[in-house]
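Student: Shown below is the structure under consideration.
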Amino acid sequence: MSLPERPGAKASYEQRNSYRKSPSRRNRPNDIEASGYYPVTGGQHQRGPSVNSFAETIRSPNSNIESAPLSPSAEQIEHGSDQPFQRKRSLIRPERNRIDRDHPNYHYRKHAAKMNTLPSSTGNDPVLEDVSGATESGPPSGSNSASGSGVREENIPRKSRKASGRETVAEKSDNTRRRVSTRNSKIVKEGKRKEKIPEQLRPPSAWNVYCAVITFWSPDFIMKCCGMPAKAQRRAWREKIGLISLILIIMGVVGFLTFGFNQAVCGGPVLRLHINSVDRSYMIFHGTAYNLDGSHHPVAEGIPKRLDGTGANVVYDLPEGYGGTDGSFMFQNVNGKCKGLITKAPNSDVPSEGDNLAWYFPCHARNQDGSSQPNMTYPYYFGYACHTTPLARSTFYTQLDKSADVYFTWADIRNNSRNLFVYSGNVLDLDLLFWFNRDQVNIPRRFEELRDKNNAANRAIRGRDATRTFMASGDRQIAECFEDIIKVGTVDTDTVGCIAAKVVLYVSLALILSVVGARFTLALIFQWFISKNYAADKTSQTSDKRKRNKQIEDWSEDIYRAPPRMPGDVGSSVAGASSSDHTSKRSSFLPTTSRFSTVYGAERSARNKSMPTTMASQASGGYMGPSSTAYRETNESRTSFLKSDPYATNTAPIEGPGPSGFIHDSVVPQPPSDWMPFGFPLAHTICLVTAYSEGELGLRTTLDSVAMTDYPNSHKVILVICDGIIKGKGESKSTPEYVLDMMKDHTIPVEDVEAFSYVAVASGSKRHNMAKIYAGFYDYGTQSNIPLDKQQRVPMMVVVKCGTPDEMVKSKPGNRGKRDSQIILMSFLQKVMFDERMTELEYEMFNGLWKVTGISPDFYEIVLMVDADTKVFPDSLTHMISAMVKDPEIMGLCGETKIANKRDSWVSAIQVFEYFISHHLAKSFESVFGGVTCLPGCFCMYRIKAPKGAQNYWVPILANPDVVEHYSENVVDTLHKKNLLLLGEDRYLTTLMLRTFPKRKQVFVPQAVCKTTVPDSFMVLLSQRRRWINSTIHNLMELVLVRDLCGTFCFSMQFVIFIELIGTLVLPAAIAFTFYVVIISIINQPPQIIPLVLLGLILGLPAILIIITAHSWSYVLWMLIYLLSLPVWNFVLPAYAFWKFDDFSWGDTRKTAGEKTKKAGIEYEGEFDSSKITMKRWAEFERDRRARQSQYWGSRENVTGGVRTASGVWASAPPHHHQQQYDEYYSDA
């Protein structure tokens, strides 16, 4: 129970480096690279005195720590007279900045600050500097000079004594204790009153304001009439409407980007006509087609009057047939850019006014293909059809509407039969320059050079874009003049908006395809190459992968079907494991040990590959239990709370009573630390089974499967936590009664077990809860299907939450939820690791585990979490622990969950492929980056603590105070928190782990398999997926804010999580868009290719994944069933879940006797009386127990189990009543 030492630790850093305190040692500056913290005095990091009640604990856990910041400010350092010069703040690393409440390691730093050794963020040995120069007499904390009494020096009742002129903590008088206890209630009430004041004065958040604005049409009095009298209900409903409005906005944005963005930026479908394809209802003027189908020309020469009195239609009624021709010369652009370039010739008949001319070319129509030859004649009079009158010009420019642009492709422009070039996007025809009548107008010589195909100037621009050429050569005016007089069309190009729309389309397509392709490819890479590194080399099952997969598929067909092979059967790879399994070395006739070898096992040579570190294997001298008296020399792993008597020595261990009694006679002995039956060092594991209302058959099969796993019983213990005294629907007994019937060899008779208090995860009076601890061994029962010779002896502990005496008359006494059950274990592990004050329940858990396992709970490194309706394959636990041991960076993992009732109904059938794809595609992809975002609570594993940095240092993972503090949050007042903590607590724990340790890994181990039953009724599925979908959304909202996940920008887990969040929110709209695209593609031609290709890839890749990775071809059928049910998965379930955002009930997933629907998130009434909960350190509980046992308080003879002789040496006291029974097991306490 220490941080950060491991078992087998050597002398403390201060002892190994005694010169550090010597005067001859040179004082070095406090460089920021030397340690993770500014040096502080030893007194600032000493524990405060323990208190007896929870009220005093929450009032002032440690006055010194609260008053002294972890990182002093610059002003504090500056005023120190003997402090060296400090570097500027800009050079301080981020991990050394001030730690506020929003920091992911805030609570860990606060707890670690109370340790005698500060945590190191660099992995180096922590450096303890005594700034003030004051020292204290006696050995430093954590040294090997502690005795086996289990009592700290400052906790031993004794007189005050001086150390370096400073008075140490002395025992409080009885009167002082009574005065403190009477003031507890007043202090707590005063603190609550002060906490309410800032809450009332706090302004509403922007989110609450938005929700109030969006629901202005529903005032409170109307909502009260509609069945929402509570303020919390109304607030949740308003937040639900706010969330739904945001989801609708996101759906609208996605729909706009899918269908409306192109229309908005590119405009409507503009009619564009290809040259030589303009029909006879149009006439072309200056590159633009005009529809003259219903027009009438005024009566003039050559244009007769029709019978209806109107003029003729020029495209149909005239014999010339102007339809489809180019009539640009009939409405010439004169006196514009060409003014000064084209002038009137001498003796010209062209009307003019100064430099202004009436026309430049003969006013004739031309064929659009450019085949017309120049014609200088006029049919009726000179200037016929030139339309020079103001009325004609006004009618043309103002009354005729442009119908379409005439465009040329680059193939048309490069056609050798034409003389075309491009300037500024316009197509210009140089052949039209031959239509100038030189008798009427004068043109520049440059015109003649450019129109001649044999001229070099023409060859330089013909068939090309000559914009840059004209700009650079100074012929810009000539080019602009050409735009006025010889323009025949435009280049086939898109507008800027259309180009932008295409860019957005293809970028989005590439992004989506890259994400889909990357997920598929990396999932395959994980399945083929990475996942096998996590598996154990050998287990009790067959080593043939195909055969094993077939056995798993057969085993998962029925929830009660036994596994194909049990540990110890013939053919098992670990059956009959001999002593050769202790090491991986080959047998040799040469001796492998000498007189210098340790008694705990052969030392590993430096040439050999370093083995993974576990609590048992990291030091061969680590305490491993009662198998030998040699293990009783030291307790390096638990210096903080087991070896706390400063008067003891290592050479003369104190023999005394064990932890609240004796270690069980039938405890499973601990093997040597180098015993590796599976090819990796063993790690001690707690198998947590949370039970609620399960029946006898379900509990039996689950506990049988956990007990029969092939992992050694010496390194696993079953911990069952019953969430209240609940009787399942149709059951004759309550769930705790069924569980207790599955135990035997109790350490304490069942009828003598007392209930102990603890702080529950609830509000109001429900925050105080009581539970009973039962410790013993698993009983397979007389009717067990497991052969007697295969029944293993597995230690087992049961925690039954029975509730306070006031709850006994109510329904479901003791029930606080699954999260509370998990917190019981997590909080216990934290208290054990940090040696903090614990409740009576945690003290009994500590002693119970020690009694049935023979080792301290501090040795446990891993927690397996299994629901009571889940059955585990025999070698799954081994594979999961193998991954944990082989890669210390893994902090959490999960296995594959198989469905046992596949064929019960269509509801269960549509879930088979969904389960498969969520594991082998989603989790496999996330495992490549070590960022699995959802470890299902029914079958997952977490690391309690991990080795870190230098030898003998461990850091808490699941036992981290930040994880425990946030996961045990009992103030659940917002819709977001309620969806996180009340509906998806398992997923929120995964999110907390990733948020607290973004650089560590959470992976999927496909070799670990379990089976469970899924809902076979649609209403139950609807209720379950409502909880899961809402929990997923709110957890992804938490994870998307974690910036330290691997990758950067679009190539990061944060971006993938963001895409997954948006995809979850728009699921109903996405499936609707999919059906729309498919229907439109069938009706309209040509079909939309890109959306169909994208849809085909998204739906087709899972089929390829099945062919490559599936263990059975039946999954192809399950995939087809899943595709048919896509409207249910993507529309019905998400839409229902969104509308039920404010529903925090658990629905019909599990029913209890006499209950209609389970509730969650109930606002409990009453006040929490914290004075009923006693909190002390383990050593203090143990001291009190021994004092009560010996009927004497404060005597050293009774506390330490020894007496002081005349020579001043402490010797062992006479043995107690049970001394002979546990003398061989007990080392120190």
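Cβ atoms are placed via backbone N, Cα and C, with glycine included.
Given the structure is predicted, the values throughout are model-derived calculations rather than measurements.
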Student: Hey, in Swiss-Prot are M708 and S1171 both on the same membrane side?
Tutor: no
Student: Run the contact check on the transmembrane segment (496-516) against the transmembrane segment (1089-1109): 3 or more C-beta pairs under 8 Å, excluding pairs closer than 6 in sequence.
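Tutor: Yes, the stretches contact each other.
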Student: Do any residues, 6 or more residues outside the transmembrane segment (1055-1075), come within under 8 Å Cβ-to-Cβ of it, and if so which ones?
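Tutor: Long-range Cβ neighbours of the transmembrane segment (1055-1075): 247, 250-251, 254-255, 258-259, 515, 926, 933, 1029, 1032-1033, 1036-1037, 1039-1040, 1045, 1047, 1049, 1095, 1126-1127, 1129-1131, 1134-1135, 1138.
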Student: I need to check the long-range neighbours of the topological domain 'Cytoplasmic' (1076-1088): which residues 6 or more away from its ends have a CB within less than 8 Å of a CB in the stretch?
Tutor: 1095
Student: Along the topological domain 'Extracellular' (224-240), what average pLDDT does this model show?
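Tutor: Summarising the topological domain 'Extracellular' (224-240) by its mean pLDDT gives 89.
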Student: Name the residues of the same chain, 6+ apart in sequence, whose Cβ is under 8 Å from the Cβ of N1030 (N-linked glycosylation site)?
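Tutor: Long-range Cβ contacts: N979, L983, G984, A1137, K1140, F1141.
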Student: Any residues 6+ beyond the ends of the topological domain 'Extracellular' (224-240) with a Cβ under 8 Å from its own?
Tutor: 207-208, 211-212, 214-215, 218, 973-976, 978, 1139, 1141-1142, 1163
Student: Give the helix, strand or coil assignment DSSP yields for N1030 (N-linked glycosylation site).
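Tutor: Helix, per DSSP.
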